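Taken from Swiss-Prot, the feature domain 'DPCK' covers 3-202, and the record attributes it to sequence analysis. Residues annotated as ATP binding site in Swiss-Prot: G11, S12, G13, K14, S15, L16.
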Amino acid sequence: MVIFGLTGGIGSGKSLVASYFKTLFKAVVFDADQVVCQLYNCDNSVIKLVKTYFPDSVDHGVVNKNSLRQHFFAYSNLWVEFQSTLHSIILEKQKNFIMFHNRQSTKYVVLDVPLLIESNFYSCCNFIIHVTTNRLLQMQRVLYRGLSIREFESIIAIQLSENDRKKFANFTIRTGLSKGDVLFQIQKIMFDISHRSKYLSC
């Protein structure tokens, strides 16, 4: 089994790249954002965790994500502590996901994790792919999601720089051009690794 980790800033196109891996090469994708959403919606221990740190963000047992988002943008020491605990839960989910698909003899796993490098989610990766685009397109994608320019800049400020991500990456994919160009870059990566030695997951 080969494990790819995607690293890139918000709006860089990581989910797009992950979807192409899934479609073209039948890769399974660990979507950390989706996992977090499920935890907030259904996991009582996580809901309790949110209530412990931010009681104003839980109403009748339901996490108010808009309220919680404001705590994220405040980025206090309390948030950092909460985030560290939450990340340990997500990391355990990721490990279980990888072990399950290893038993299923899955060929390719893609980790779509926003803070792959920053939170040490990359240790099981055989290859790290740096996903990047130009800043204008990156900002347009984020604004389309409903975030403000100020929120976009706040997120960028806490993420690794492009240069730091490159230091960890084996490959780079640029998503600012056409879909066909992105597909070509992915196919080139797959051709490259197919001529290397076999890799084992952790």
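Start at 1 and count along the chain as shown; that gives each residue its number.
The backbone N, Cα and C atoms fix where each Cβ goes, glycine too.
Everything Swiss-Prot records as a feature, shown here on the structure.
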residue: G11; record: ATP binding site; Cβ neighbours (10 Å): 23
residue: S12; record: ATP binding site; Cβ neighbours (10 Å): 28
residue: G13; record: ATP binding site; Cβ neighbours (10 Å): 23
residue: K14; record: ATP binding site; Cβ neighbours (10 Å): 28
residue: S15; record: ATP binding site; Cβ neighbours (10 Å): 17
residue: L16; record: ATP binding site; Cβ neighbours (10 Å): 15
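Residues G8, V17, V131, T133, R141, T175 surround the recorded ATP site, their Cβ atoms falling within 8 Å of the Cβ centroid of G11, S12, G13, K14, S15, L16, which are themselves excluded.
Residues belonging to the domain 'DPCK' (3-202) score a mean pLDDT of 94 in the model.
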